[in-house]
Amino acid sequence: MTKRFAELLLLGGFLVLAVLLYNSTAAYPKFVQGSTAAYVRFLAICLGILCLFELFFSSKNKKENGQKAPLNMADAPRRFWGLCILLFIYAASFEFLGFYLASAIFLPTTMFLLGARKPVSITLTTVSILLFVYLVFEKLLGVFLPTSSLFG
């Protein structure tokens, strides 16, 4: 399987997912059609548009390059498996640590694993992401995120 074919297969899958996600909102109850269903439709439309943009730009890029590189899934196996393990630990730690504390540990650890070495950029990125999630999801949308059972 070539890298190009894998990209097209993945983009096609995401496009199908966007359509299915959009269509699934029709089955939502009437009282959430203006809020939750609208948000899910927005996400589906954004996903579909981004997939179409990527398909357009990758087809334009193919004409310029014309390469058929084989798909190499083992470029950095330590990073890949490390990321999989960290994601599992992150998800498992939600109940004990809560969303914010687990994320404050997971984000810098993952950035370090994936090659980031500047403490200032790691700290700013982590704080920015957590602040954005707090302001948008907790304050604006009122989404309840997992809380810590560690502190009671």
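Positions of Cβ are set from backbone N, Cα and C atoms, glycine also.
As annotated by TrEMBL, domain 'DUF1468' applies to 14-146. Across the domain 'DUF1468' (14-146), the DSSP tally of helix, strand and coil residues reads 105 helix, 1 strand, 27 coil.
Here TrEMBL flags 39-59 (among others) as transmembrane segment.
If one looks beyond the transmembrane segment (80-107) by at least 6 residues along the same chain, the residues whose Cβ comes under 8 Å of a Cβ in the stretch are 73-74, 113-114, 122, 125-126, 129-130, 133-134, 145-150. Look at TrEMBL and you will find 80-107 (among others) tagged as transmembrane segment.
Look at TrEMBL and you will find 119-137 (among others) tagged as transmembrane segment.
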